[in-house]
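Report on the structure given below.
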C-alpha cells in the first residue's frame, strides 16, 4: 500500500532531501559554512512541513530529549556563526541522539528494497546491520 502524502508533505520531503544534499556538499567542500547553513535551514524547514510545526516542536522539546536538542541546535548555531567543523561534530552527535531510535526502522526498510536490500543482506554487511539494530533497540 503506497504512502499518501499531501502536497505540503511532498514539498517538505523535497526540502529535506535538498537539505541533506547541501549538508553533504558542504562537507565535501571542506565544511563550507554557506552550504552547511543552507542545508540545515532546508532540513529543518522540510521536517516542519512533513510532520507539522506542532509535532516537530513536541518531538524536539520532550523532557528526555532536551540534551540532544540542545546539542543539535547548538551545532547549527555554531555553523551559522562561522565554526563549521565544530558545529557539525556537535550537530551530528545531537542528531544521532535525537534520531538514533529510527536507525533499526530505516535499516529494516532499506533491507526490503530491491537492489539496496540485496546488498545489505550480503554476509559482511548483514552482521553490521544486525548489530546496529540490536544495539539501538536496547537503548
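Note that Cβ sites are derived from N, Cα and C of the backbone, with glycine treated the same way.
Quick look at what TrEMBL lists:
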type     : residues : note
TRANSMEM : 12-31    : transmembrane segment
TRANSMEM : 37-57    : transmembrane segment
TRANSMEM : 69-86    : transmembrane segment
Outside the transmembrane segment (69-86), six or more residues from its ends: residues with CB under 8 Å to it: 26, 31-33, 36-37, 40, 44, 60-61, 92-95, 97-98
Long-range environment of the transmembrane segment (37-57) - Cβ separation under 8 angstroms, sequence gap at least 6: 8-9, 11-26, 76, 79-80, 91
